[in-house]
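Following: one structure in structure tokens, then a few remarks.
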Amino acid sequence: MSFDLYAPHTIKQQTPMMQQYLKIKSEHRDILLFYRMGDFYELFFDDAKRAAQLLDISQTQRGKAGGDPIPMAGVPYHAVENYLARLVQMGESVAICEQVGDPATSKGPVDRKVVRIVTPGTISDEALLQERQDNLLTSVWQSKNGTYGIAYLDINSGRFNVVEVNTDEAFTSTIQRLAPAELLYSESFENVHLIEHIKGARRRPEWEFDLDTAQHLLCEQFGTKDLVGFGVDKAHCALVAAGCLMQYVKDTQRIALPHIRAITLEHNEHAVILDAATRKNLELTVNLSGGFENTLAQVLDKTATPMGSRLLKRRIHTPVRNKDELNSRLNAISAILDVQLCGELHESLREIGDVERVIARLALCTARPRDLTRLRSALQALAPLHTLLNDASDPRIASIIKQSPELPDLQALLERAVIENPPVLIRDGGVIAPGYNSELDEWRNLSKGATDVLDQLELRERARTGISTLKIGYNRVHGFFIEVSRANAHLVPADYIRRQTLKNNERYIIPELKEHEDKVLGSQSKALALEKQLYEELFRFIAPHIEQLQIMAAALADLDVLNNLAERALTLNYAKPILCDNDNISIKQGRHPVVEQVMKEPFIANPVELNAQRKMLIITGPNMGGKSTYMRQTALIVLMAHIGSYVPADSAKIGNIDRIFTRIGASDDLASGRSTFMVEMTETATILNNATAQSLVLMDEIGRGTSTYDGLSLAYATADHLASKISAKTLFATHYFELTELAEQTPGLVNVHLDAIEHNDTIAFMHTVLDGAASKSFGLQVAALAGVPRSVINQAKQKLKLLENHQSVTAPNIEQQAFTFNNQAQQISPSEVELQLTAIDPDNLSPRQAHDLLYKLKALL
């Protein structure tokens, strides 16, 4: 519409109901408004058009504005959660406007107000959440010096973290790890292209990103004078982001947030850093197609509880370097295996369920009746769990038991207060157990026993009056009455008060019936009102226990992860890794944790040795021979050791790794206009610029996307730089057999190959890693296996012979190719003379300076 919908003169022209709608909508212009009208939530104007398109619902019209029909769409109130779930998944936010006034007493439109705002990052209703995935609200801020501050909150657990990073690469990796459901960024944020793929990205006003305001908000939330005790006081960029996030949560939730009790600063030096390419290539929790199948998480995650599943995924994405913490996890797994308790612990933990999110909903006052029974079941499951673990000598397990004590008073309260199987909603009552409150029992009994009382009264009045046809009736206009035929009207006692005269009957009321009427008509509504009051009172009783319950939930999630990894180790024949102070890697008969689960035939295990004498393995062998699998399994075994898991190997000694890099596979990045080769080179540059001697680097087929000599030269220079300049532990797979000569020239380089046996025109892949370089690539044999026509294979063989004969005469060796590469590099890079000439300002040179400069330039030639 061309006119200003929210202008005062426009609003005045509307009906009273539409005036009310527009005033409320003007406060929530950027999001959808669900406006409650009877049994429906209605949407109007552009909201109606958008909702009709997104939800595939009918669009109608109601009234006119500016001479045009007002678009309208609606959803039934009883099905609203389903529609909200769909909108949230699309990244939409919705303001829920409810009727808060009494229609019976309202003059004009019933009073309405927005009672909650549902956004992708702040939802708490279990119907809207993925139970085994974190649902994070994230806020980002970039300072003038380029530092990124990132704050993220899981409102369903109260975990509130901040981190600062200094590069686009680190920022992208962090956002990929968090996978936020909703992301807030400032109007001045320049690198929007780094976050534009996030459905729930929201631009916020610049004034919301203010350090002083952030510090005030956070201190107010935590009840502290400053933030020193949390260790975040110096992280100014992160605090600015956290302040915006906290204000947003307060605005959308509109209630206290008692379960958000602390803020934690992440330290990158404590973690094994994974960049975005590594997370993608290793398929940790998402496969290359965007699904969950055949990922590391799918193999490892058999947790009993959703909160345990979420914790396991967080650990997979945040491997740590702290040996004490890792050994604590590994020793706890060993203790569980020693007492053979995996199965029993799993069943006990299943009874505890997702208590983490239940506690958050209780804190947010959005819990439903069945959340109370879930908390009750969790508390009831603690006693048998303690019995199982009472004799545990492991310090971590003992600490878990200490952090999850039984709470008999709270358990007894919930057992008394809530029925065994309550309804989904409190709306219609039937949640509070009989015997919990005597007044509620009285109102319920009165409502349920009304018929019996009336039957007894009717019999008594018949006997008292002698009128056998006397009966008690009810209608909405006159309420309860005693009906007597006109023929018997003369028998009516004096205390009967006429209420209505009909053609053949008279209707009366007596004080006892009037008293009963008042009680019965009000008993159901009074029972429901009292039950809702008692239900809300339960929240207040639970509130003082929130902090203790959160500690309990975190401890039990940890136990679930440890028990799950113990079961995986037992079932899948994993070994306990030994964590070393050096940066060596020694794996005996390692296996790929995912591939071995999907293969029908037995997986061929292989060793890996990386140390000062074997810094880099140059891996050759045929396509389909297993080079990529061998490299990936090494990275996954190292990663699993750094999350505190047993590993798929006969044994493993894993050193202190600071980062894992992968350059495996590539595809065009069409959205950014980057070719496959450009993507490959960008990832290679990231590795060469960031790897250290403590890094594990996986390089697969560097240099494929350009000419043979260019590709070979780049592969040579990359391998040489990694080995000679960085000394990173590297697995370098290649089809450039010329690179195998590097092992003779560079200390610490070793050739290995994936074995294959050729018989006539066929090939058998042995998938065994052997020392030495491969003899050939078997490319034609693999092509034949793929179904390439025989005539094409034969022609390729003839061409291959010609090329091999020609190459033996003309092809330069590796040193010559390196020289060529260096010459090319020199041609690309400006010489010292060129740099000096570029810097000259002729207008500001004296004759003497010009003379001296000429001699200097000549000396540089």
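In case you wondered, yes, glycine gets a Cβ from its N, Cα and C as well.
In Swiss-Prot this protein carries:
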BINDING   Gly621, Pro622, Asn623, Met624, Gly625, Gly626, Lys627, Ser628  ATP binding site
Under a three-state DSSP reduction, the secondary structure at Lys627 (ATP binding site) is helix
Cβ density check for Lys627 (ATP binding site), other Cβ within 10 Å (all protein chains) comes to 27
Counting across all protein chains, other CB atoms within 10 angstroms of the CB of Gly625 (ATP binding site) number 26
Between the binding-site residues Gly621, Pro622, Gly626, the one whose Cβ has the fewest other Cβ atoms within 10 Å is Pro622
In all the protein chains shown, the tally of other Cβ atoms within 10 Å of the Cβ of Met624 (ATP binding site) is 18
Residues sitting within 8 A of the centre of the Gly621, Pro622, Asn623, Met624, Gly625, Gly626, Lys627, Ser628 CB atoms (ATP site), not counting those, run Leu754, Phe765
For Ser628 (ATP binding site), the number of neighbouring Cβ atoms whose distance to its own Cβ is within 10 Å equals 21
If you count the other CB atoms within 10 A of the CB of Asn623 (ATP binding site), including all protein chains displayed, you should get 20
